[in-house]
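Shown next, in structure tokens, is the structure this report addresses.
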């Protein structure tokens, strides 16, 4: 595939990232020895600190020859990747490019792949899902095997997988959402943004959510990241603008009956500290017949042009406002800053209002610094709300059996402890050399590695760094699973050595997924949309029996 074509097929995370991502990707099995990974260190959405320094330095190094003497001497590298979202696929992509002896088994708990690309990306952002073309290319390789509908830790024990692999990489993302920890959070009418997004994207887990969009006219979203703005945009968009997307028909029906006319998106800090991007803000401003209530100009410095480029662009969009005015528009939205939720209150057993505590910046803090912290005041306010969404972040949880194979999951941080390069570490080993503390053969990537932050571009960077460290460790003779003595390589059978023990569920191959994919596209075609997703595992499996 030519680079010119790949530019159109890589994830359009934002205009500034598309070309850089395209230049970082090459077809599997080609161009291993001398090419550089160009541009990755300049993508703005990545992590910070030591991790980003590592990425910046490693991105400038030429890829090692896949047929190096050390790697070839060790033979085939058999890797299990747990999770089929962007982190898992980008790790597989990179590793298979760097080491042509690498063979991948990718495990996914659902019958269908792609994780948050399928179930998290907003349906009106189809361009972001273009990364699936790269993932499809990975899956077509004879060195890749997809194992769908198998829950690692439940349907198969990690300890029973271990003897059949040289390495296991955890990239299973973040499956829970963070709580507000305030009274009334469990009232009827209060939902997590994660569940709402999963519901309109047909994630089987949330097919029965039934959000009550007829309870009243005002919804409140607590949190000011991109997911929060996604929720606001879906609530306010004309239903006809969503009909031809892959949003579920169930969601279309519910949204068409919605009484929501106003959405307030509330954050603890100011606009400089808000986490949403300019693209998300601009899209909301451009919805026909939706007005934006102007924000307080004093929240910005006198000279906007002196702000960092990203904050400057956001400020320009927010201060310019929407095309429609509140007087003429039937729907509206606003950004409320410096407010922390204190409690939620009910009327007749249903959410009716939310109490907030006004925040102020701590003494000597620069309010125009992205890192500025806030502290509560004695001032409170009440906000009417018949519907509320908490959107304050996701969190990862540990898989059953992690501790049995030496993985010390960090419940407080919600990550698998790692050395920032992707090696799983434990305090019980070390200190010492570079790999001291490393649980041999175990690696991680994506949100379970760094926390639930960033976009697809930063996930790609992160996955590449994990793949690079696996390839480097293999090439330089670092011990892997079943290899501590150098004599015992285990079976090396991968899925073939495990599948006879998986009897409680039906495991699916990539060709099985393609049958489901074809059926969804056929369902969508009849409705004038790209696809109509199945909303239950049972529906997906039934396709395979036809």
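From the backbone N, Cα and C atoms, a Cβ is placed for every residue, glycine too.
Of the listed candidates (217, 257, 280), TrEMBL assigns 280 to the same NADP(+) site as 224, 225, 226, 227, 268, 269, 454. In this structure, 280 is the one among the binding-site residues 108, 280 with the smallest number of other Cβ atoms inside 10 Å of its Cβ. When the binding-site residues 224, 226, 268, 269, 280 are compared by Cα distance to residue 87 (FAD binding site), the shortest distance belongs to 226.
Reduced to three states, the DSSP call for residue 454 (FAD binding site) is coil. Residues 87, 108, 116, 152, 447, 454, 455, 456 are recorded as binding FAD; their most distant pair of Cα atoms lies 25 Å apart. Once the Cα atoms of 224, 225, 226, 227, 268, 269, 280, 454, the listed binders of NADP(+), are compared pairwise, the greatest separation found is 20 Å. If you measure from the Cα atom of residue 108 (FAD binding site) to that of residue 226 (NADP(+) binding site), you get 26 Å.
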